[in-house]
Amino acid sequence: MRAPSTSANLGAGFDVVAVAHDAYFAEAYVAVEQGCGVAVKFKGYDPGENNTVSLAFRHLFNMLGICRQVEVVVDNRIPLARGLGSSGASAVAALAAFIREAGLKAEPKLVVEAAGLGEVAAAGSPHFDNVAGAALGGAVVVVSTSPLEVVKFSPKLLFVVGVPDVPPIPEKTRLMRSVLPREVPFKTYVAQLARVSALVAGFATSNPRLVALGMSDDVVEPARAPYVHGYARARRYALEAGALGFAISGAGPSVVALVDDKHSDAVRAALARAYAEEGLRAEVKVAQVAEGALGV
């Protein structure tokens, strides 16, 4: 079972918006037997026993009132610690594979909730935006966390994803949250509300112009930009090459540019050039909106 990479926040949609795209994917294989326990093997790396997949399974078992002996193998092709939802996609792919293999019926929201709670292992607190995108696909808006409610849209949008090859920042998510402002002026709050509304309206109508308006952000991105390698040059080059919008992907260091067909190649080349001029190796891909692991 595969779950796609995701880009959360998209500018003004901090902690509530994510889009699934086909730039990368995580794949999980499971074997289900009688008994109770979860054994997880990750191809190519070892996150330790306290990982998002194991924790997500514990939450799912509690929610369903069941327990099974599950052997999981995760093949995660999403670059790790790059702001592309790698940990959440691993958990979603594993839970979706288990539900299919065990012949269970589970509400998609339960999978999103269990995987989101599993994010505590990677980020220190629950996060539902990335996992909702990986599970449901399309563009998602987390409208409530208690109770959990997620709205999915299926917009036809095109992105260019830039992934710089830089050393991971220890406890990156915690750091990137610690730099955020604790208060904002009321005028800024109103402007941010308008931009989030533009994001949602753009998703609902597949209107890239509205989505681009929502990708402009005066609260989170200015605080995080100094910690994102090559951000200023990448943003400038992408917009000059015809990108409609530009944002940090999740907590970075990856970035995502909204493009149209006409400018996708030019923006991809511009991002690659920006990273090269910064002395950074990077992978830059054109990506479409993807379906989620649950196929809903």
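Quick reminder: no glycine exception, Cβ is built from N, Cα and C everywhere.
Swiss-Prot lists P79, L80, A81, R82, G83, L84, G85, S86, S87, G88, A89 with the feature ATP binding site, giving sequence analysis as the kind of evidence. Classification of A81 (ATP binding site) by DSSP places it in coil, neither helical nor stranded. The number of other CB atoms found within 10 A of the CB of A81 (ATP binding site), across every protein chain shown, is 20.
Other C-beta atoms found within 10 angstroms of the C-beta of A89 (ATP binding site) number 34, with every protein chain shown included.
Long-range Cβ neighbours of S87 (ATP binding site) (same chain, at least 6 residues apart, Cβ-Cβ under 8 Å): P47, N51, T52, L80, E119, A121, A122, A123.
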